[in-house]
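Q: In case it's useful when we look at the structure, here is the feature table from Swiss-Prot:
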- 34, 169, 173: L-tyrosine binding site (BINDING)
- 39-48: motif ''HIGH' region' (MOTIF)
- 229-233: motif ''KMSKS' region' (MOTIF)
- 232: ATP binding site (BINDING)
- 352-418: domain 'S4 RNA-binding' (DOMAIN)
């Protein structure tokens, strides 16, 4: 199957410039292309992964990727479909974020093997060398204000206000495409569908300044069940950095996707063949309660981002927590699996009697409720059911001398730390 057809079949092409011309270029030989990543945080997230994996698919088809990290544009801020002006970050902060993002990209694209090995570029390298006057003369004169105002990302901000800084962002992104074309022969840019206006600024600059044709492919913005896209600004980001979103949390995210999304996400986020995914679909629809699609999706993406060992650890944490086998997990694994649950720092003066502690730690609201829960067998300490009202926590309950896990009922966890 032609790579363009595969991208379409996987639902990875939202919009493109001249499809026939782009398809022909991809058929005739190796195409150099790029995707840009602005350092707006110290990590990329699942919203970025769609474009990254699309880039990797093209690389596997023999084409050459350039990963552009926006050391310059990250200092400015992209206004695309944001309700308010982005906060400007210090140069030092952005430089740190650039390094973090470069490290993540290095694990998802092949930067070492073959004639089409990926290359990393930073647009600060060329923006730091051009003066404001030269930029206005050599770049700005090719863009009319009417053209810039016509962009949807700008229109949506006119009423509430947009700074010249953000207004000029599209020209900067256009200049990135121009520079990469001149230096590396790049003729294709890949990005999210909210970037269409900025991306076509690049094809416009290529056409007007160099009389060359550039192409654009936008990938769809992936939304959650409520219709929100995955992103930092939206507050529902699943980060690629394990310190921000643990492999276990990422595993749980994929395990909890809706049935209607599971097969679609297999096409977008995994490298399983379309034939394999079709077979999974048939089995999944025959027995949706077994959640086969979600299990395979979680396995494939966690392994892709964090590695096989992290996947096996996430799977083990899931199985042990489900069974209530707290003592089968290390404190490191427990911290990963129980991150985000209520946490209470035990004080030296605290009464460690189970009834008093349940109230002090906020597990229940009253001693009466605590006594009822204990007597009814609803309270567990490190997986062991406690029904003795006089039970008092001891050093034996401190796992690795760091924490104790309290469970109320089947699923409500609380962590005591020392």
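Glycine too: its Cβ is placed from the backbone N, Cα and C atoms.
Buried or exposed, and what's around them? Tell me for each listed feature.
A: Outside the motif ''HIGH' region' (39-48), and at least 6 residues removed from its termini, the chain residues within Cβ reach (under 8 Å) are 69-71, 74, 77, 86, 89, 94, 96-98, 100-101, 104-105, 192, 221-222, 229-232, 237-241, 244-245, 253.
Mean pLDDT of the predicted structure over the motif ''KMSKS' region' (229-233): 62.
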Q: Widest Cα span across the L-tyrosine binders 34, 169, 173, in Å?
A: 18
